[in-house]
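Notes follow the structure.
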Ligand SMILES: C[S@@+](CC[C@H](N)C(=O)[O-])C[C@H]1O[C@@H](n2cnc3c(N)ncnc32)[C@H](O)[C@@H]1O
């Protein structure tokens with residue numbers, strides 16, 4: 001099967017069955033083992049890109065077609081999106097190839113009678129593109145940015161209020177790029193230089209992430225992650241640079257008791273274990289039991305031994321009260337700092353869901369704070385760019401818990417903020433958007 005037909009089938013599952021983009025993508029690539037590397041690349045680009053750019057692509061269909069995108073037969077709308085995406089966003093595909101393959105796609109998927117319509121819309125796009133941008137934008141600046149960069153208006157509004165127009169547009173552009181692949185090397189098994197060398201030997205361009213002693217960034221197409229050198233040997237874990245900062249802020253020490261309240265699939269738990277030199281007691285809790293099992297697998301692969309798992313709702317666990325030297329609450333959040341990795345989040349999240357998340361985060365923070373020993377600490381972190389889930393929540397906690405205070409990161413920490421918490425803005429630090437705050441309980 002060719003890449004475009006596969007993309008069409010994958011997009012159908014995402015559209016109709018509300019399946020997660022990364023899940024459908026991984027499953028398809030696993031099933032299509034004989035797909036050539038360049039077809040894997042095109043397939044991945046089409047699926048991720050079209051999910052991301054849905055709003056702009058539909059606006060083009062609305063403007064160029066006789067029928068609006070929502071009134072088109074759903075499969076035809078996807079086919080038009082596949083064609084328009086290639087014309088608008090892919091430089092390496094000649095326009096004639098984009099048009100012809102899309103017309104073919106229509107014919108082989110029961111739209112022979114409408115192949116002329118497909119051809120007409122795509123050629124009209126091409127004609128208009130000679131004179132300027134065929135996408136007509138509204139005057140109102142919020143929907144203008146939303147339509148141009150394909151984000152819902154409420155996300156634009158949220159960022160605009162905090163950072164203004166220019167930064168919001170930069171964020172939109174950043175989140176529409178293909179994400180980097182960052183690795184965290186396991187210092188108990190290897191060195192950063194050894195991993196760098198092994199990956200260089202596969203013709204991959206790899207460089208060290210500054211300020212992150214275990215961090216590497218890999219450029220270019222890697223193919224399946226598990227086939228990269230050192231994966232099976234437990235030399236490294238895939239983890240974005242900003243996520244690596246969380247365990248450094250927690251700063252766990254060998255021999256301590258550390259409790260990770262929302263741990264699955266264990267990216268940060270295993271980092272904590274590495275920083276503790278695999279000495280001490282780590283409890284990894286999560287209510288997603290299947291995901292919690294991944295921690296056990298990861299622990300084995302990384303040759304770590306001191307992590308124990310505990311399945312269930314962390315708001316209910318009484319057994320940890322007063323036990324933790326350090327607690328990590330890497331809270332469930334709206335994920336607005338990872339929109340480039342999870343292109344469907346922008347369409348799945350709503351302001352109402354965000355409000356529900358804040359309530360859950362508050363309950364988790366209030367309860368897991370009771371797990372901390374006097375003199376101990378708790379790191380609260382999220383991968384979102386939404387003040388209600390971040391600084392507002394922490395400020396609220398501090399206002400109602402006078403025996404706690406905010407501890408700023410040490411001077412050598414790579415990201416600083418005068419307020420005392422850590423906020424990673426992708427456009428400044430070139431990493432996923434993140435928030436983290438270290439809270440300390442009085443002796
Ligand atoms: C941001 S993810 C954690 C990622 C993880 N710390 C890592 O680095 O790999 C948030 C996790 O919170 C879990 N979660 C949500 N509500 C929970 C609750 N009430 N109790 C325990 N875990 C919960 C979710 O299942 C999810 O795995």
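Every residue, even glycine, has its Cβ placed from backbone N, Cα and C.
Among the candidates 251, 278, 325, 330, the residue that TrEMBL names alongside 262, 263, 264, 265, 266, 267, 268, 286, 313 for the S-adenosyl-L-methionine site is 330. Over all protein chains present, the Cβ of residue 383 (active site, nucleophile) has 25 other Cβ atoms lying within 10 Å. Taking CA atoms as the reference points, residue 264 (S-adenosyl-L-methionine binding site) and residue 383 (active site, nucleophile) are 14 Å apart. Around the Cβ of residue 264 (S-adenosyl-L-methionine binding site), the number of neighbouring Cβ atoms within 10 Å comes to 22. Annotation note: residue 262 (S-adenosyl-L-methionine binding site) sits in a coil segment as assigned by DSSP. Cβ neighbour counts within 10 Å, taken over all protein chains shown, single out 266 as the most crowded of the binding-site residues 262, 266, 268, 313.
DSSP assigns residue 268 (S-adenosyl-L-methionine binding site) to a helix.
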